[in-house]
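Q: This structure is in structure tokens; I'll ask about it shortly.
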Amino acid sequence: MNTPEFRAPRGTFDLVPPRGEAMLAVRDALAAPLRTAGYGYVETPSFEETTLFARGVGESTDIVTKEMYSFTTRGGDDVTLRPEGTAPVLRAVLENGLHRGALPVKLWYSGSYYRYERPQKGRYRHFSQVGAEILGTEDPASDAELIVLAVDAYRALGLTGVRVLLNSLGSHESRPAYRAALQEFLRRLDLDDETARRVEINPLRVLDDKRPEIQKALTDAPVITDFLSPSDRAHHATVRSLLTAAGVAFEDDPRLVRGLDYYTRTLFEFVHDGLGSQSAVGGGGRYDGLSELLGGPALPGVGWALGADRTLLAMEAEGLPLPGATGVQVFAVPLGEEAAAWAFSLVTSLRREGVTADFATGGRGLKGAMKAADRSGAKYAVVVGERDLAEGVAQVKDLATGEQQAVSVNGLVTHLKRLV
Ligand code: AMP
């Protein structure tokens, strides 16, 4: 086989059928519960001013320090391909004044995101997320609602192995005391220079360090849940009881921090054990101070992003059939030129009537055309030759049983509509 001259860039891949359709179906399924719950759809540009992410995601995060696709445009603007969706959506809400209307604002979105990460299975430089945000309320019911909607989406796809990890990072009432206690603990450890620096800038991020020796050293680290203020504790308790009432099982994970700086109170991650090291299929949390960070008014919010690529990998890991594999219901096999023109108009009429249909092209002989019919996934082939046309009939063949029946061309569309 020839080696092609061009390949998809490192860390990216193409989606070709049938995985292409499967990805579309996964995105649709992840969004379906949101649409049922009345969320509005929002679309923002694929790139934004770099400072939006520097401020909105956090200067000390891996995303901002190492992973952004940033460049200066010909006009001298510094822009970045979006590494995540929340900061852009919040920017759009503030810019379009949605926060001045009825609150809360509930939004969903779907698209491509870009991070310059070290590629491996489940970790790509271009990936696909479906996201949701609720803005303008501190109600813990919103946190619980989002978690339930994500769990329902995974369930609808047939996934049984998704676990919900839950934590509270506390608000400004709880965090300073915890941060100080954690710092004090971490300063006593023997850490490399970079980690020691992180202890001073953003100690919570150290909890996210995946190295086994660090995780071991953290065994006795103080946990945030011991430092929650009464109102943060009450918020967390309500989220938990609403989840339980909704039949959603969750695991408390007091070490859960996640890689973005803006989270407050509720934090959660959806993980799947069939994925190896990149086990997070989705995650999110509350971000009550983010609007102010972006120059907006106080506008509490909570949201999540579900990774479509990893959701598809999780389905494959569970051996679920790929969703969305299409194919057509009817395949027309014309024999001869006159029949070809007739088949073309038959297929056009069928499609306009909502019957999925295709036809053999290029004047293929019966054998090749029937092979194409089998490959198309169709249940019925309509075989038509010049003699059939002269008699005003077409042969409708059931491709599963091989049974064939002559049907009058006049009633053919109606007949096929009834059959499929
Ligand atoms: P995050 O914004 O990092 O919480 O990402 C939310 C979800 O998007 C994760 O749980 C993953 O499923 C997915 N995701 C994040 N980064 C990547 C990546 N580099 N490649 C594939 N999926 C990703």
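Every residue, even glycine, has its Cβ placed from backbone N, Cα and C.
Unlike curated entries, TrEMBL annotations are predicted automatically.
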Q: So TrEMBL lists GLU84, GLY85, THR86, GLN129, GLU133, ARG258, TYR262, TYR263 for L-histidine; which of ARG100, ARG115, ARG155, ARG240 goes with them?
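A: Answer per TrEMBL: ARG115.
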Q: Within the set GLU84, THR86, TYR263, which binding-site residues show a CB-to-ligand 1 distance under 6 A?
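A: Within range of ligand 1: GLU84.
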Q: For the L-histidine binding residues given in the record (GLU84, GLY85, THR86, ARG115, GLN129, GLU133, ARG258, TYR262, TYR263), what is the largest pairwise C-alpha separation in angstrom?
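A: Maximum Cα-Cα distance: 21 Å.
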